[in-house]
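Visitor: When I checked TrEMBL for this same protein, it listed these features:
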type	residues	note
DISULFID	Cys158-Cys167	disulfide bond
DISULFID	Cys197-Cys206	disulfide bond
DISULFID	Cys236-Cys245	disulfide bond
DISULFID	Cys313-Cys322	disulfide bond
DISULFID	Cys351-Cys360	disulfide bond
DISULFID	Cys366-Cys376	disulfide bond
DISULFID	Cys388-Cys397	disulfide bond
DISULFID	Cys426-Cys435	disulfide bond
DOMAIN	1-129	domain 'Laminin G'
DOMAIN	131-168	domain 'EGF-like'
DOMAIN	170-207	domain 'EGF-like'
DOMAIN	209-246	domain 'EGF-like'
DOMAIN	249-283	domain 'EGF-like'
DOMAIN	285-323	domain 'EGF-like'
DOMAIN	325-361	domain 'EGF-like'
DOMAIN	362-398	domain 'EGF-like'
DOMAIN	400-436	domain 'EGF-like'
DOMAIN	438-475	domain 'EGF-like'
Amino acid sequence: MLTDFGVDVIYSNSTNSIRDPLALPISDGQWHTFSLQEQNSKLLAEFDTFPSTPLLAPFSLTRFGIDKNARLVLGKGFNSTGFKGCLQKITFNDFPEISFLPKDTFSGNLNTVLHFVPIQRENIQSDGCHSTEVCGALNPCKNGASCIDHFYLKECRCSAGFEGEFCERNKDECAGHESCGKNGKCVDGIGDFICQCMPGFVGEKCETALDLCRQNPCQNGGKCESLSNGTYACNCDEQYFGRRCQQKRSVTCTARPCENGGICKDSEDGTVECECPEGDNCAQFADICHLSGQSFCKHGACKNIFGGALCTCDEGWTGSRCDIDEDECAEFPCNNNGTCINTAGGFRCECAPFYLGSRCEIQGICATEPCLHGTCVQHSAKEHTCNCDKGFEGSRCDEQIDYCKDEPCQNGATCQKLIGAFKCSCIAGFTGDTCETDIDDCVIGSCANNGKCLDRVNGFECACNGTGFKGAQCTEDINECIINVNVKMDILDQNVIW
């Protein structure tokens with residue numbers, strides 16, 4: 001039995017029946033060849049060019065044939081669901097090809113051989129293979145997809161970036177692969193994806209590490225070293241410290257700052273530490289941080305150290321007293337072609353259109369150009385509105401407006417659909433944008449000799465009464481003398497006396 005989902009083979013003896021469904025794709029609008037044959041007491045199924053497949057049901061054949069009075073049902077079974085479509089070239093063993101024609105049309109050699117005779121015919125069409133339209137006037141496909149009619153089957157051909165039976169889902173182009181490598185994050189768009197790179201990496205797939213040492217960010221003779229994670233490190237001279245060697249040490253152990261036998265150690269914050277012997281006291285440091293009641297460090301925390309004070313600067317500031325604005329833009333913090341603006345103690349990113357975030361790291365939906373014929377207005381990273389160009393509508397401005405739908409053309413004119421407009425092709429005798437105006441064919445001089453012009457569709461008519469003229473344009477002179485003579489004779493013939 002043929003169904004919309006494949007082929008079901010049903011076989012039975014006098015007491016039991018077995019159903020063996022074969023997962024064969026037949027409902028796709030194409031012709032397919034299917035056959036069953038016996039081999040070694042088993043049934044083999046053949047489908048198109050695929051290899052023969054043995055049926056899996058536990059049985060063996062004792063005879064593979066058909067009785068003379070057997071009934072063979074083709075297509076949809078009586079009072080059951082089943083195959084709806086076209087069948088051709090159906091044969092059984094060496095019998096002649098099975099015909100769907102009525103029994104009374106059989107003749108010739110067919111009457112001399114054993115053959116199948118149709119005993120019941122239902123819904124048989126013999127004028128070719130046809131199907132009903134499935135797509136219909138209202139396109140069931142979403143997001144600009146086109147609906148294709150196959151045989152009793154519709155197919156939605158999706159626009160780039162969409163999937164699903166009706167193209168209703170945005171396809172995740174990031175799924176299933178590491179498109180952006182280990183140095184970036186994949187952000188899905190419509191029909192495409194982009195890579196948001198980690199700081200220090202650029203490229204379509206974040207494959208290129210920026211050479212941050214190229215502009216020599218290390219100060220005071222520090223040596224710049226590029227690191228594999230896209231950053232850099234500064235190897236500072238003994239007198240300096242900080243990320244970019246921007247701060248000078250107020251004292252080093254070479255100056256022997258520790259008294260009373262204390263052991264000096266350089267610390268990572270640019271100071272020194274004195275480890276005092278047990279039972280002895282180190283010298284007291286002066287309170288440099290609060291001299292004259294003012295803060296020694298302009299934008300940071302102050303710590304008294306031997307011979308001075310140490311400033312731990314707030315983010316965005318540098319210098320021995322944290323009074324120098326640090327140029328954060330030197331490390332290219334803005335992503336996706338954003339422009340970095342250095343500010344006091346920080347920075348600001350001016351993002352390219354449709355990119356968001358403090359570092360322009362978030363791609364807005366409008367960056368994927370979702371509006372096919374319109375302007376995208378972005379409300380958030382994933383929310384937008386399409387302002388459609390004239391002549392288009394729909395959530396993506398992908399549907400052309402049919403201005404001819406309301407039949408604007410008058411007087412039998414033909415409407416031509418244009419983008420954002422329509423054009424009326426008028427029949428002869430009419431004019432105007434919608435062919436609403438009857439052309440006045442009674443131009444000056446149309447009727448001669450004072451004849452009255454009467455406008456008609458695509459023409460005119462001259463009323464010559466009382467002018468002494470006749471003809472289409474009152475140009476033929478009427479001979480009144482001939483008319484009077486005839487009248488006189490008529491009077492005489494009637495014996496009328498004046």
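A Cβ is built for glycine as well, from the same backbone N, Cα and C atoms used for every other residue.
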Visitor: Considering only Cβ pairs within less than 8 angstroms, which of the stretches 209-246, 325-361, 362-398, 400-436, 438-475 has the most against the domain 'EGF-like' (131-168)?
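Guide: Highest pair count goes to 362-398.
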Visitor: When only pairs 6 or more apart in sequence are counted, do the domain 'EGF-like' (325-361) and the domain 'EGF-like' (209-246) reach 3 or more Cβ pairs under 8 Å?
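Guide: In this chain the domain 'EGF-like' (325-361) contacts the domain 'EGF-like' (209-246) - 3 or more Cβ pairs sit under 8 Å.
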Visitor: Restricting to CB pairs under 8 Å, which listed stretch, 170-207, 209-246, 438-475, is in contact most with the domain 'EGF-like' (362-398)?
Guide: 170-207
Visitor: From the disulfide-bonded residues Cys322, Cys351, Cys388, Cys435, pick the residue whose C-alpha lies nearest to the C-alpha of Cys197 (disulfide bond).
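Guide: With Cα distances computed to Cys197 (disulfide bond), the winner among Cys322, Cys351, Cys388, Cys435 is Cys351.
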Visitor: Summarise the model's confidence over the domain 'EGF-like' (249-283) as a mean pLDDT value.
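Guide: On average, pLDDT over the domain 'EGF-like' (249-283) sits at 67.
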Visitor: Tally of helix, strand and coil residues over the domain 'EGF-like' (362-398) according to DSSP?
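Guide: Helix/strand/coil tally for the domain 'EGF-like' (362-398): 4 helix, 14 strand, 19 coil.
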Visitor: Can you break down the domain 'EGF-like' (131-168) into helix, strand and coil residue counts using DSSP?
Guide: 0 helix, 12 strand, 26 coil
Visitor: Taking only the Cα atoms, work out how far Cys366 (disulfide bond) lies from Cys397 (disulfide bond), in Å, as a whole number.
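Guide: So the alpha carbons of Cys366 (disulfide bond) and Cys397 (disulfide bond) sit roughly 13 Å from each other.
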Visitor: How many Å lie between the Cα of Cys360 (disulfide bond) and the Cα of Cys167 (disulfide bond)?
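Guide: With the alpha carbons as reference points, the distance is 31 Å.
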